[in-house]
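Below: one structure, written as structure tokens.
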């Protein structure tokens, strides 16, 4: 009698780690989790620490922490001082030299929150790729999430990289984000930028599509239950449809004359509109980072300057932008010691 003994292939440390990372647990870790969880934890933790304890006195001349009397809407982790340029502001770098207090005073917490936040978002997108591959579905969730990542990178990284320093990026707070919106309007006339227009159309269009789709599905649910609550009429394992696409198609055909007849095309369109808008707005931010102008109607400005009776909404907005610049620059960039003569400053409602 012959006995055949098969050799058991030895498993290396990589295989053991791979099995552990992909083990079925309540919160999936995966290889992407090695990037996502530490970066997300450090970014969120840095933001809570910064808004609670860290002042912006040395970078912006402002109070920005709960410790100084700010509330949730006015607290922020502010950008580094303009003099820091585009330094990474590492804790052990030449600016702080390992001094944590000094590092916070220079604005290093903003770099910490922003860079870890960027890698955390990338880790979240990779997580969607990884799980999609493991459960054998398409990776369109990850593709869709590239839109928010593009906006994050363009606003918090690309824009200040195109300017003189990190100082001109948005600080991490509610009121500070509003200040940034006013700043980019006054200095870049962003609302007249076609890429910003596409971004607005994409986001609001996506919200409209979402509302219409949800309402239409609710309108055309099959009566699978006698309960007042229609949710109980659905089972996640049921094979049949839960609403009538035919009825929905007929409804919108009567409303508009046209309607989606293909569920796959309908849902792709709902994906395409907001993601394209996000990417377009990201491209627009890269453009203004390089101080590119869009839609300067110089002929109207010249005519308005020559003819006091000629004015358009465009020329009015240009004057408003000049007012924003004149008022914001001395307040926002106090280190520049801007002094404007009285005759160029806006006066009341006259501008």
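Glycine residues also receive a Cβ, built from the backbone N, Cα and C atoms like all the rest.
Straight from Swiss-Prot, the features:
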- 116: chlorophyll a ChlzD2 binding site (BINDING)
- 128, 141: pheophytin a binding site (BINDING)
- 196: chlorophyll a PD2 binding site (BINDING)
- 213, 267: Fe cation binding site (BINDING)
- 213, 260: plastoquinone binding site (BINDING)
- 39-59: transmembrane segment (TRANSMEM)
- 123-139: transmembrane segment (TRANSMEM)
- 151-164: transmembrane segment (TRANSMEM)
- 206-226: transmembrane segment (TRANSMEM)
- 277-293: transmembrane segment (TRANSMEM)
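Features per Swiss-Prot, on structure.
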residue: 116; record: chlorophyll a ChlzD2 binding site; CB count, 10 Å: 20
residue: 128; record: pheophytin a binding site; CB count, 10 Å: 17
residue: 141; record: pheophytin a binding site; CB count, 10 Å: 15
residue: 196; record: chlorophyll a PD2 binding site; CB count, 10 Å: 24
residue: 213; record: Fe cation binding site; CB count, 10 Å: 16
residue: 260; record: plastoquinone binding site; CB count, 10 Å: 18
residue: 267; record: Fe cation binding site; CB count, 10 Å: 14
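According to DSSP, residue 260 (plastoquinone binding site) is assigned to coil rather than to any helix or strand. Contact between the transmembrane segment (277-293) and the transmembrane segment (151-164) is present: at least three CB pairs lie under 8 Å, with pairs separated by 6 or more positions in sequence. Looking at 123-139, 151-164, 206-226, the range that has the most CB pairs within less than 8 A of the transmembrane segment (39-59) turns out to be 123-139. When the alpha carbons of residue 260 (plastoquinone binding site) and the residue listed as 'chlorophyll a ChlzD2 binding site' are compared, the span between them is 42 angstrom. The two recorded residues, residue 213 (Fe cation binding site) and residue 128 (pheophytin a binding site), have Cα atoms 24 Å apart.
Listed as Cβ neighbours of the transmembrane segment (206-226) (distance under 8 Å, sequence separation of 6 or more from its ends, same chain) are residues 232-234, 241-245, 247-248, 251-252, 266, 269-270, 273-274, 277. When the Cα atoms are compared, residue 196 (chlorophyll a PD2 binding site) and residue 141 (pheophytin a binding site) turn out to be 24 Å apart.
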